[in-house]
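A.B. asks: Heads up, here are the entries from Swiss-Prot:
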- 110-124: compositional bias 'Pro residues' (COMPBIAS)
- 130-134: motif 'LYPX(n)L motif' (MOTIF)
- 161-173: compositional bias 'Pro residues' (COMPBIAS)
- 434-466: compositional bias 'Basic and acidic residues' (COMPBIAS)
- 486-499: compositional bias 'Basic and acidic residues' (COMPBIAS)
- ASP809, ASP883, ASP884: Mg(2+) 1 binding site (BINDING)
- 1444-1602: domain 'Integrase catalytic' (DOMAIN)
- ASP1455, ASP1514: Mg(2+) 3 binding site (BINDING)
Amino acid sequence: MGQAVTTPLSLTLDHWKDVERTAHNLSVEVRKRRWVTFCSAEWPTFNVGWPRDGTFNPDIITQVKIKVFSPGPHGHPDQVPYIVTWEAIAVDPPPWVRPFVHPKPPLSLPPSAPSLPPEPPLSTPPQSSLYPALTSPLNTKPRPQVLPDSGGPLIDLLTEDPPPYRDPGPPSPDGNGDSGEVAPTEGAPDPSPMVSRLRGRKEPPVADSTTSQAFPLRLGGNGQYQYWPFSSSDLYNWKNNNPSFSEDPAKLTALIESVLLTHQPTWDDCQQLLGTLLTGEEKQRVLLEARKAVRGEDGRPTQLPNDINDAFPLERPDWDYNTQRGRNHLVHYRQLLLAGLQNAGRSPTNLAKVKGITQGPNESPSAFLERLKEAYRRYTPYDPEDPGQETNVAMSFIWQSAPDIGRKLERLEDLKSKTLGDLVREAEKIFNKRETPEEREERIRRETEEKEERRRAEDVQREKERDRRRHREMSKLLATVVSGQRQDRQGGERRRPQLDHDQCAYCKEKGHWARDCPKKPRGPRGPRPQASLLTLDDQGGQGQEPPPEPRITLRVGGQPVTFLVDTGAQHSVLTQNPGPLSDKSAWVQGATGGKRYRWTTDRRVHLATGKVTHSFLHVPDCPYPLLGRDLLTKLKAQIHFEGSGAQVVGPMGQPLQVLTLNIEDEYRLHETSKGPDVPLGSTWLSDFPQAWAETGGMGLAVRQAPLIIPLKATSTPVSIKQYPMSQEARLGIKPHIQRLLDQGILVPCQSPWNTPLLPVKKPGTNDYRPVQDLREVNKRVEDIHPTVPNPYNLLSGLPPSHQWYTVLDLKDAFFCLRLHPTSQSLFAFEWRDPEMGISGQLTWTRLPQGFKNSPTLFDEALHRDLADFRIQHPDLILLQYVDDLLLAATSELDCQQGTRALLQTLGDLGYRASAKKAQICQKQVKYLGYLLKEGQRWLTEARKETVMGQPTPKTPRQLREFLGTAGFCRLWIPGFAEMAAPLYPLTKTGTLFEWGPDQQKAYQEIKQALLTAPALGLPDLTKPFELFVDEKQGYAKGVLTQKLGPWRRPVAYLSKKLDPVAAGWPPCLRMVAAIAVLTKDAGKLTMGQPLVILAPHAVEALVKQPPDRWLSNARMTHYQALLLDTDRVQFGPIVALNPATLLPLPEEGLQHDCLDILAEAHGTRPDLTDQPLPDADHTWYTDGSSFLQEGQRKAGAAVTTETEVVWAKALPAGTSAQRAELIALTQALKMAEGKKLNVYTDSRYAFATAHIHGEIYRRRGLLTSEGKEIKNKDEILALLKALFLPKRLSIIHCPGHQKGNRAEARGNRMADQAAREVATRETPETSTLLIENSAPYTHEHFHYTVTDIKDLTKLGATYDDAKKCWVYQGKPVMPDQFTFELLDFLHQLTHLSFSKTKALLERNYCPYYMLNRDRTLKDITETCQACAQVNASKSAVKQGTRVRGHRPGTHWEIDFTEVKPGLYGYKYLLVFIDTFSGWVEAFPTKKETAKVVTKKLLEEIFPRFGMPQVLGTDNGPAFVSKVSQTVADLLGVDWKLHCAYRPQSSGQVERMNRTIKETLTKLTLATGSRDWVLLLPLALYRARNTPGPHGLTPYEILYGAPPPLVNFPDPDMAKVTHNPSLQAHLQALYLVQHEVWRPLAAAYQEQLDRPVVPHPFRVGDTVWVRRHQTKNLEPRWKGPYTVLLTTPTALKVDGIAAWIHAAHVKAADTRIEPPSESTWRVQRSQNPLKIRLTRGTS
């Protein structure tokens, strides 16, 4: 077999985790797919020798890196992270790369002089892209060599390799040189420079191997400078005997600094030095930082390219070191290079490295502190010696010290006041007091001896106790022997006869032993029971019987725990960690002392008496888990002591079964395991392999076309980011995602839709399943009518004659239906799996779960596919509920044949059933939560136990859970609605949860009813139904039955609460409502079959002739349409029902006539009549009037006789006519108290309320049918109360607005006229804001201050002694304080402006004169916080001056503008405008990104106009992007960002945007073309040739002449290109341009020199800042903020990072004072990023 070849690319892919870790350490991110693409496709095209399989050759990697880092359009910024990571792997190879990396070649050539023999070459592979399989170099890292100075002739370091060096011997003990070399003698003359360069190898080297003795530039004897290049030995020694720049930049910077100061290197030497000591990336960073340090003429860093290139060139300059100018350039260059080294050496902050510095076991605190400070200097920008950082260093010193020292330092008193020196001294004391190793060994030895001594003493004591016990037992034995001898002597010899080996000692019979003797009273001893879940004995151990202690084994959290029954323990105890603990704790007192322990959280425990919630005490040091009295009480346990030991049983004597488990796993307790009676054997699985999910795989409905999901017309794609997901959850759902990908159900995609994935943990396991949150998608998809069958009545189609059943559950049913490719993008979600190379979106190709229409779509598809099966098998009943199938047959054979046909059909159609859940050909099956057996449906025991086991609810949510679970079983509970009536009010939101006796009784009744739930027959649609109905206290109860022989078999128990209106009717009418409600519910089960209603009332006559005084027309019509349908509903004879069963009693009940009962029903007052009383004391007429007058509704009520008004009153505005009628009638009844009264009213509402409806309202609690409070509740209650005041009463209804001369007509007209007049004439007694009616103060309350008196004196007011107040203009004067309180209160009510409030006060009469009203009102309105935050403000800021360039191409403004329609993908226009000339450049783009901006800037603007100095833009994402700003920094461009939400700041380019778009619009209208890109040159031509503010066009400013309108090419143009006249023309153009440019620049500068102060805001002022995007009911202004810095047009405020234009702020107090004499001073601080502002007088 062949062996796979390992390549660098495959090696990195095999160790991809390490590659990602390396990239992460470099602060970059790499992707596997792009890694392969760049290595195999991109980098081989660079023509530097990069193979397609990759290489670790550093030279080739460097060449590729140079290509990638190339500036301009030829660079590849997207490949930077990948080549940097590849280089890091090659430079610092991990273990799996080292065998494949070339060792560095030795810095030597073949020796030119005798020297040591060269080392044998390493067997390394040749430099190639393909490496041999396994070739590993030596693992030992050679120590750096210190080479002597070269003695040979000088060589060219740039073209030749360095000379050979002999291998130095081991260093001398003092480290000053090699062992075989002698230092030079003292007094020797210094050699000349030439001698030092040409000395032989026999001369000893210098002591410092890192310092060269030949300086590159030195002064010779003739005054000329001589150049001496660096020797290769110096470069080698510097590189190998110093750390790299990345490891310790400070040390290498110090070395280079000394070399620069002492050697005076040239430009070439500096490049050689940097290239030797630094890597390529480090060198680039140093050069970049050095160029940033170049300063301009003003002493500040400059960004001008020419100044930077002059001071720090990147190419070799022509600096002559023999001239002073050249030497000055070199000195300046070295200074800049040193600054670049220092700036580049500032490594990024890495506090993790600092935290990793910990004190060693034997390290002193002082040494540890030095290491800590060094880490701060190396890995952070902070100086540990800075007093401001002393606190951080001190805390790190405490936390990272040795554990014993750190704990003691933390406990020091007044730790905050301790300095770092104090902490070090304390740490030194603790360190010095540590015990020495000898002392520690002595202490351990002493403790060991003491422990051994105690153990020996305990052994001796134990031995003595054992001997004492043995003597005591021996004494008892001897006493027994002596007693037996005495009895033998007294009674003779009584020896027991000898027994055979199989003889019983009790009955003396052979064949059994005594313990199995059947003649013993307790019978033979049975086999010992084995305890599985519960055991009363321990399992014992190693052949020994466990102690007879009562024990019970409980299963806690899935693990069995054996408890010791301890009646002395008050609480039950767990010893192992049970999971989360609560915050509660308890003090436990034991034999050895007391200690505090914590409680566990509540655990739900299922006991023999039901499920309870219990909390255990967690005591880890308890020797055994204890079952205390608290849980024994809940168990109702009984402990019996017998001869074999103690036994613990329940209250009924049964063994206890105790189990602790999670609530979500509770249902599994009650489900019976699948019995082995009908297993799915190999026959069913082998005969139909395509029908089972276990053998057929994932299903696919072959007859169903792919589904297209229609969207709503206004729907737009929704994209929601993936929620954060834990690592455990991601790993949990990863296998499911992988499985679905392998099956093709999930596929990668790119979609504008995205919804998050939610991992849901499966209960009781550590497995997760992926669930997609499709709620937002569901909102945007068209709704379809759900056709899924109702499980409530689905079984109505199953006749009782079919009693053989098969139940099938389809596996992954929704995944059987395909999605159309156009709809697959709707269900995309994010998923990243680096190991599989997946990073993007996945979507479903099948119908997903969680989609709202999935059940309906699948249900309809499966119905269509199974239609043929139903036609071919008419004798079988097939019920389908989504993916649950029930097949019913009359015989076992038919059921088996039908099941086979169904399985064959499902397999052919592509559906798969679950073999684990299948129930095939059984007479008893579970379907939809019901137990089907013998034509009846039962509640399953599991469902009963679930309801019975729930603890007493303590919250509304728990109660809703209980009612929901029990409500599913309501068909089996007679009168469920009445039972649960006390519970439902507690489930309402906002209701106080109070669990009382009534609720507990209802709770227990529902549970008890479930235990006795009967079997319900399946509805037989071939037989009629009978509905027995009863009603009690507003609750309808009934039972739906069918005849089964002579008996009535219940089909369902129905119950429901009547609405509040029907609940207030008489009993006979309530029965009508009850029958109507239950008939509607029964119709869901009868499916339109005939229904006979049996009730104890003759309701048929009531329905046919309903009393109109009780029922509304709408309700009457509804009842008649429902109950008088004779084809479906019939009424049976009147029967008396048993209240328990709701079935008829054998004896007949008392008969009554419902019509007679209703006729006798009366209202509130029995003697109330509607006929006039002949002997009445008074006859009155009442009326209420409500009408609109001048836009206001006025109302009044009156009580009159025929000729005079008895009582009349105006009612509050807005009162309705019905309410006014009730008030008038109630007032008449009150005035006639104790008298006989006839009262007439023309209001049907008031008449019906008094006679009929009032009592009905009172009975039903004054609620409407919806349960809401009725209108005019207070007036109705007052009327019902006033009905009993007169002695005798008659309320008579008369028509309103009658004509004629009858008494009723005259009285009614009189009452109506009086009500209208009083409503018009009088003002209702309501609270108003008029001062004269509700003045808060009187004259006596006024208190005038001294300031008030002065102001009053100036006004000329006089003091009135009688009124005791000041008077002005005939009105009492209100003091200033009272005026402020009144006006402030008025402003808080209205928040009107100053002018409108003043106008309001002047228009309304005021009895007082308000002192200083206008001034006070102005202060109140201007200082109101709410008004300041909401009211708009006029901008008083003057227009600023725009900064322009001083020549063309130096200052540009840039902006994006959107142009619609976007043809060919071009939707945006990138506009450049030169602020000096107005020249415009515009480029159509497809995207609005920073990449587009930088590309156009470098490819279009820079080559044609030169590098700009200033760029001005708004704060768009493309301009504030890091890419744009980085490019600007590299190019030295000053990028100015304008104020946010201030388009005037970019006014020139914004105006040009408008001009271009207007021109394009006109051109498209004129030409008829929609291609604006084609018309753009014409628009630019117009913009460039339009005169500006100075009368010149941008073309004329730039080119010095107008553009040629017509230009025909001349064929002889080439002949005159070198004509002298052409040169003269160019010179003239130059002169014209300067003549034009200079005045323009002067005009622009004149605008800037004008002293303008646009805004009055100063540092320290308080301002409000405008919100540019306000939400609903959000203030328009935010703040106030304090001004920190100002410019002529913008402000910097505290709390907002960006600058704010002055037009976007307003003063918090508009009364801005003029500038004072104080001035602000700016001072520098130690931090270069901070300034200090001080204020003082000038």
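Heads up, the Cβ atoms here are built off N, Cα and C, so glycines get one too.
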A.B. asks: If you count other CB atoms within 10 A of each CB, which of ASP884, ASP1514 wins among these binding-site residues?
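C.D. replies: Sorting the candidates by Cβ neighbours within 10 Å, the top entry is ASP1514.
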A.B. asks: Taking the Cβ of ASP809 (Mg(2+) 1 binding site) as centre, how many other Cβ atoms lie within 10 Å?
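C.D. replies: Counting Cβ neighbours of ASP809 (Mg(2+) 1 binding site) within 10 Å gives 17.
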A.B. asks: Across the compositional bias 'Basic and acidic residues' (434-466), what are the DSSP residue counts per state (helix, strand, coil)?
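C.D. replies: Across the compositional bias 'Basic and acidic residues' (434-466), DSSP assigns the residues as follows: 30 helix, 0 strand, 3 coil.
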A.B. asks: Can you give me the Cα-Cα distance between ASP883 (Mg(2+) 1 binding site) and ASP1514 (Mg(2+) 3 binding site) in Å, rounded to a whole number?
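C.D. replies: ASP883 (Mg(2+) 1 binding site) and ASP1514 (Mg(2+) 3 binding site) have their Cα atoms 59 Å apart.
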A.B. asks: Would you report the average pLDDT that the model assigns to the motif 'LYPX(n)L motif' (130-134)?
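C.D. replies: Mean pLDDT for the motif 'LYPX(n)L motif' (130-134): 36.
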A.B. asks: At the level of the C-alpha atoms, what whole-angstrom distance separates ASP1455 (Mg(2+) 3 binding site) and ASP809 (Mg(2+) 1 binding site)?
C.D. replies: 63
A.B. asks: Which of these binding-site residues has the least crowded Cβ, counting other Cβ atoms within 10 Å: ASP883, ASP1455?
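C.D. replies: Sparsest of the binding-site residues ASP883, ASP1455 by Cβ contacts within 10 Å: ASP883.
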A.B. asks: How many Å separate the Cα atoms of ASP809 (Mg(2+) 1 binding site) and ASP1514 (Mg(2+) 3 binding site)?
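C.D. replies: Spelling it out, the Cα of ASP809 (Mg(2+) 1 binding site) and the Cα of ASP1514 (Mg(2+) 3 binding site) are 63 Å apart.
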A.B. asks: Quick check: in three-state DSSP terms, what is ASP809 (Mg(2+) 1 binding site)?
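C.D. replies: DSSP call for ASP809 (Mg(2+) 1 binding site): strand.
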A.B. asks: Residues other than ASP809, ASP883, ASP884 within 8 Å, Cβ to Cβ centroid, of the Mg(2+) 1 site?
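C.D. replies: Once ASP809, ASP883, ASP884 are set aside, the remaining close residues are LEU808, LEU810, ALA813, TYR881, VAL882, LEU885, LYS917.
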A.B. asks: Measure from the CA atom of ASP1514 (Mg(2+) 3 binding site) to the CA atom of ASP884 (Mg(2+) 1 binding site) and give the result in Å, rounded to a whole number.
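C.D. replies: One finds 62 Å between the Cα atoms of these residues.
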